[in-house]
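S.K.: My questions will all concern the structure given below.
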Amino acid sequence: MSLPPIRLPSPYGXDRLVQLAARLRPALCDTXITVGSQEFPAHSLVLAGVSQQLGRRGQWXXGEGISPSTFAQLLNFVYGESVELQPGELRPLQEAARALGVQSLEEACWRARGDRAKKPDPGLKKHQEEPEKPSRNPERELGDPGEKQKPEQVSRTGGREQEMLHKHSPPRGSPEMAGATQEAQQEQTRSKEKHLQAPVGQRGADGKHGVLMWLRENPGGSEESLRKLPGPLPPAGSLQTSVTPRPSWAEAPWLVGGQPALWSILLMPPRYGIPFYHSTPTTGAWQEVWREHRIPLSLNAPKGLWSQNQLASSSPTPGSLPQGPAQLSPGEMEESDQGHTGALATCAGHEDKAGCPPRPHPPPAPPARSRPYACSVCGKRFSLKHQMETHYRVHTGEKPFSCSLCPQRSRDFSAMTKHLRTHGAAPYRCSLCGAGCPSLASMQAHMRGHSPSQLPPGWTIRSTFLYSSSRPSRPSTSPCCPSSSTT
């Protein structure tokens, strides 16, 4: 005989936000959740109202162990739709709700399973009524070799299967039977309370699904639990929500039809901040997972001031460091950054207790080079007189230097020397053979190879220079010094 489908009414049907989101879906969706090979668009604000783990924007994927069909049923429940399940779909949906932190769906599954447990099978009821016959001598029955052995009884408590093998069947009135019944009831009560009081995201010992948002209950501590998680480590948000305990009033079944789950929003810690927020038992886990994201903090005062003093040395505030010169040269700045960091930090750390000796002032910068020569037209100043004279030709238009190969003229000797490179010749050229020389000394050495009788009358070594100047040059600024003719 097939069992009727199970109907789970959603408590979010009267919520205005959920109704609008369900009506607009998939429009205005800011979240895309990938489960298996399927993507489910959703609204992060609606998901955040029922679960801290689901209220994340962007595109992210759920861990292994949740099928797309189960997640679709969970999503329909969140959006205010009633979910109809087959008997075999109740347990996977409850485990998915427990893993993703949807407490209202998990409680609805518990109530549905409790309603089914109130209607036991007739054969099971008959089997439970058989051992109710009292026995006057329980010790004799326990020692009787012909006693009856009962089959295995499987009890499901809080999602866990515990096999209880009863090799002996003592009567209900016996002390052993009473003790066994009391232990079973206590175990069932403890497991149920543990299930109701466990933080969202913890996982029982029977965990069959490798959902990344779950943490195993391990007496070894948080670090061992994180090491045994299958797959890559979860993000900071999922671990943060899984270790944040809920208050006792949040566990009360006060969420009735027409009331949204406001406690999920009110108790939501900041996702983008210090990992694990205010939870204390996960310090080791945080150091194990986010080793590269930690901010090293020390407890003693001298080490604690180190990072602050480094900031103070780079950007000092008035009164925090000894006042130095207003400006430093690049070499002095480098020396200050590399060699005096420790001294500055120590000085800043003990400034309140004892006066720090002032750092010696660097030598003053050399005075600026004097420029006594000024242009009478524009007022521009120069340190050398010939620089001022060359500049003055800009105003007068005088170009005393001329090229012997072309009509090019220049106001500056250096400019004319550069102009010669356009002709591809040296500044000195032999008047007899036309050979070029780069300097006056090389031209003098070259002319010794010619006979003096070949030289024209009135020839001088200066006539080999290709440039001529219309103004007499001083001996100090002459491009070449006059020399005697070679013989």
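Don't overthink the numbers, they just go from 1 along the chain as shown.
Cβ coordinates are placed from backbone N, Cα and C, and glycine is handled just like the others.
Predicted, not measured: the structure shown is a model, and the values here were computed from it.
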S.K.: In Swiss-Prot, one of 56-78, 332-354, 401-423 is tagged zinc finger. Which stretch would that be?
M.R.: 401-423
S.K.: State the residue range annotated as zinc finger by Swiss-Prot; the candidates are 5-27, 235-257, 373-395.
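M.R.: Checked against Swiss-Prot: zinc finger maps to 373-395.
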S.K.: Summarise the model's confidence over the zinc finger (373-395) as a mean pLDDT value.
M.R.: 90
